[in-house]
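Asker: Below you will find the structure I want to go over with you.
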Amino acid sequence: MPKRKDIQKIMVIGSGPIIIGQAAEFDYAGTQACLALKEEGYKVILVNSNPATIMTDKEIADKVYIEPLTLEFVNRIIRKERPDAILPTLGGQTGLNMAMALSKAGILDDLEIELLGTKLSAIDQAEDRDLFKQLMQELDQPIPESTIVKTVDEAVTFARDIGYPVIVRPAFTLGGTGGGICSSEEELCEITENGLKLSPVTQCLIERSIAGFKEIEYEVMRDSADNALVVCNMENFDPVGIHTGDSIVFAPTQTLSDIENQMLRDASLKIIRALKIEGGCNVQLALDPYSFKYYVIEVNPRVSRSSALASKATGYPIAKLAAKIAVGLTLDEMINPITGTTYAMFEPTLDYVVAKIPRFPFDKFEHGERQLGTQMKATGEVMAIGRNLEESLLKACRSLEIGVCHNEMTSLSNISDEELVTKVIKAQDDRLFYLSEAIRRGYSIEELESLTKIDLFFLDKLLHIVEIEQDLQMHVEHLESLKKAKRYGFSDQKIAEIWQKDESDIRAMRHSHSLYPVYKMVDTCAAEFDAKTPYFYSTYELENESVQSNKESILVLGSGPIRIGQGVEFDYATVHSVKAIQKAGYEAIIMNSNPETVSTDFSVSDKLYFEPLTFEDVMNVIDLEQPKGVIVQFGGQTAINLAQALSEAGVTILGTQVEDLDRAEDRDLFEKALKELGIPQPQGQTATNEEEALEAAKKIGFPVLVRPSYVLGGRAMEIVENKEDLREYIRTAVKASPEHPILVDSYIFGKECEVDAISDGKSVLIPGIMEHIERAGVHSGDSMAVYPPQQLSKQIQETIAEYTKRLAIGLNCIGMMNVQFVIKNDQVYVIEVNPRASRTVPFLSKVPGIPMAQIATKLILGQPLKDLGYEDGLYPQSQLVHIKAPVFSFTKLAQVDSLLGPEMKSTGEVMGSDTSLEKALYKAFEANNSHLSEFGQIVFTIADDSKAEALSLARRFKAIGYQIMATQGTAAYFAEQGLSACLVGKIGDAANDIPTLVRHGHVQAIVNTVGIKRTADKDGQMIRSSAIEQGVPLFTALDTAKAMLTVLESRCFNIEAI
């Protein structure tokens, strides 16, 4: 069927900020979709609130709106642009929910706008738990016994009838938000109450638990002519009961018989046809391990996290083809871009094994609830490809960047058998490592299977890895043992550990016996047809399919899995760097391990190596490709941490040199450089042990800011105000980076701002200064940033620009650099310098319109700044005001304290832009879902050192119609100053303590601060948790509350009696 000619203009709805459950996979899908629609000649209008994405670049769509994804703003854009159709299925749950909201508000009917791809009725049938149940019954597809409830009492009655455990699944939520497995009535009441609040339609499905069944996924596609195919089938290592986003997943399925595969395949195709889905769809099924009995768990009628994984696992571009199907093209008339000869109707075949392992944030949130269930907790994921399961699993383990190079954590060797068995049964994020430890201790795989319900096939593979370890122990420096270990994915580092050698010895031994990896192509057809893709993975076999070209090449290292502190912003910079390399006439090679991102789309670079970002794996690619050099600036700390070892191995690092990277990271060298350049910094010292740290703090004076060097995202950073706290910090946190000393700095409570700069070593371009709304003490990634600065004098801005230029030239910076400043009493101090791309690059690239990563890459490749048409110094400021606001995922992370501090906690960001600060702030708050009513009750519970400042805020809140409530100490202080506040009860005083008031909807906002001593009491954490659980706006920094107040005041009319 030819593409539709009756529509010209299509709006694509993006997925908004990155949160747990909805990450970079939608940037990848949205980018593909917009480009595919443009390729077909349609005019594309994109709306998304996330500036950190490739998708929101001007060239991706004809018009790009970075605006809040709320009905208010999307409606305005629709009325302005008048699109003929909207494509909502590539914007995750956000896109689908927006489509439903537009329909319910009558906007689509009113403006005669069509929804493309999946119809509203299909979205409703798949997402509405009741309609889905009816459809499955009509299709004769088995689903677990279940009921739809709108109250807690209904849930309790049903559970009493069918027995526990039961699963709660709220309707229209993402990543299992609000759901869970309940083993008792108490758990059921708690989870259902929360689930009903989080469901936009106040509806939960309560179903019989089928935990322990195998969890299987089918990624399917269908077009308007009813052609349908399975792109990829996947099997979860973990049985049903753990969210698929938190499970280790293998593709293709590993343990199914042909009969089982055909049965589930037929069911998936039957469902997509019945729903009349046009595009991509994900079907999740549960299979009884002991019979042919199965259940349909759920259907996602859209492109999803699994679609991104399936696309990267097979090379089949699901989102691109889904967009083309949405405008009428059919699978049998579209060419598969991988082979260039077969049609998209041809089902991919894999002759390799793909492993996906989730990346969790518990290295940052040590007190978070780590037990896994039906609510997703991972922030990102890694993928690895191998010729056998062991190889792909071990490559994925070392891609995680959690300090392991194997499926082994050495710290587990000290735990008791009792603790080991508990951790094996109660699945946490690190269960794989406990299982492997149990096998090393001699537990049988049959015992482990009965404890975990993980299939014996997978446990046998873990046993095989342990057997290879034992073989290596018995045959030190034995060539055949080395070959076998390499064939099954062992790293040089692990083999060196077992043989008690250096990693370099293993590398030398391999090379002396010509034992090199070969690179195989991902071609969708198991080599049945010639493929055109430059998409490769390594393995230890004979035939190498990756041929070095005659063109000079540059290798760009990606940033690995998305985690807190290192998000999609770095992928953005990587993709732009590749574009500049190609424009400069070089072959651009990317190496990365993240299946969610645009950088791992094979069409972005000239060659893509889907490999772990370790010294060994990077060197193997360098040995084959012999690039002119390697760029490490755009891959975050992941790539920077490899620079030293690569340089020592004789690799050319392009851009800022390793010794200069060291001068920025090494405290003593940095201090020396600042003195030479005449730039002030907070007084500070380095310390390598407890005595030195205490001595430094005594000399500097408390409070001090302590942190390890060479970390990203404020990892293990803390403000301490006495010796006891400092001793506690040294004992617990120095582990964060044991081979490097810790930094002890004077803590200056002033205004923070940051700058990104681009330098060729002689000239320095500063795209802009970003002023932080929150004062020092809140991590820059968690602060709201304003561009251009609103409260910095011209003189201070000139000083910042001057210091930045001095630093860039003094540190021989070639490419990018990020500098953070604190200002107190008109004195500008440098806090830190990062000689690489930072997380603000996408925001600052979009706002003044400077393609920062591309310019930086051109300078790295040797072009002078002046030849690119840019002047030295600060770039002219934008006429609009732009706000970058953080987005948090606390609702998914039980027991993680939402108190903001020097360690980063946000998972994503949004942007608000307008003609005034107040309007831009309003948009930013709307975009990050901090919607505050115009009046109501606000609770203040304030630390002594900020009560005076909080008083003036409380007075302003009262003036616009808010009723002030406060805890005992705060209320007493307010009363002394002439402001009466309603007293709230102590925690535990059930009638009117804050959690109770919050639960009953009597509180519209909470302002809660703690003193500089950040070990906040339990009561404070309970207050903050109750606000997060009930979705009540919570401010733990007075500056953020002040910003919100500014917005509310600007929207208030003055009402006075005459």
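Using N, Cα and C of the backbone, Cβ positions are placed for all residues, glycine too.
Values in this document were obtained by computation on a predicted structure and should not be read as measured data.
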Asker: Which of R707, R727, R731 shares the ATP 2 site with S746, I748, E752, G777, V778, H779, S780, Q820, E832 per Swiss-Prot?
Answerer: R707
Asker: Near Q284 (Mg(2+) 1 binding site), which binding-site residues out of N300, R707, H779, Q820, E832 have their CA within 10 Å?
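Answerer: Hits: N300.
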Asker: Looking at the binding-site residues E298, N300, N834, which has the shortest Cα distance to H779 (ATP 2 binding site)?
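Answerer: Result: the closest of the binding-site residues to H779 (ATP 2 binding site) is N834.
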Asker: What whole-number Å value do you get for the CA-CA distance of E832 (Mn(2+) 4 binding site) and G777 (ATP 2 binding site)?
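Answerer: G777 (ATP 2 binding site) has its Cα 14 Å from the Cα of E832 (Mn(2+) 4 binding site).
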Asker: What's the CA to CA span in angstrom from Q820 (ATP 2 binding site) over to E298 (Mg(2+) 1 binding site)?
Answerer: 47
Asker: I need the CA-to-CA distance for G777 (ATP 2 binding site) versus N834 (Mn(2+) 4 binding site), whole Å please.
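Answerer: Per the Cα atoms, G777 (ATP 2 binding site) and N834 (Mn(2+) 4 binding site) stand 18 Å apart.
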Asker: How many other Cβ atoms sit within 10 Å of the Cβ of R707 (ATP 2 binding site)?
Answerer: 22
Asker: Across the region 'Oligomerization domain' (402-546), what does the pLDDT come to on average, as a whole number?
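Answerer: Looking only at the region 'Oligomerization domain' (402-546), pLDDT averages out to 95.
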Asker: Please find, for R707, S746, I748, E752, G777, V778, H779, S780, Q820, E832 as listed binding ATP 2, the greatest distance between any two Cα atoms, in Å.
Answerer: 18
Asker: If I take the Cα of N300 (Mg(2+) 2 binding site) as reference, which of the binding-site residues R707, I748, N834 has the closest Cα?
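Answerer: For N300 (Mg(2+) 2 binding site), the spatially nearest of the binding-site residues is N834.
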Asker: Under 8 Å between C-beta atoms and at least six apart in sequence, can you list the same-chain neighbours of I748 (ATP 2 binding site), or say none if there are none?
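Answerer: Looking at Cβ-Cβ distances below 8 Å from I748 (ATP 2 binding site), excluding near sequence neighbours, one finds P682, A776, V822, K824, Y829.
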Asker: Measuring CB to CB from E298 (Mg(2+) 1 binding site), give everything in the same chain under 8 Å that is also at least six residues away in sequence.
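Answerer: Long-range Cβ contacts: A126, F132, R169, Q284.
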Asker: Could you list the residues of the same chain, at least six apart in sequence, whose Cβ is under 8 A from the Cβ of N834 (Mn(2+) 4 binding site)?
Answerer: A664, M817, N818, V819
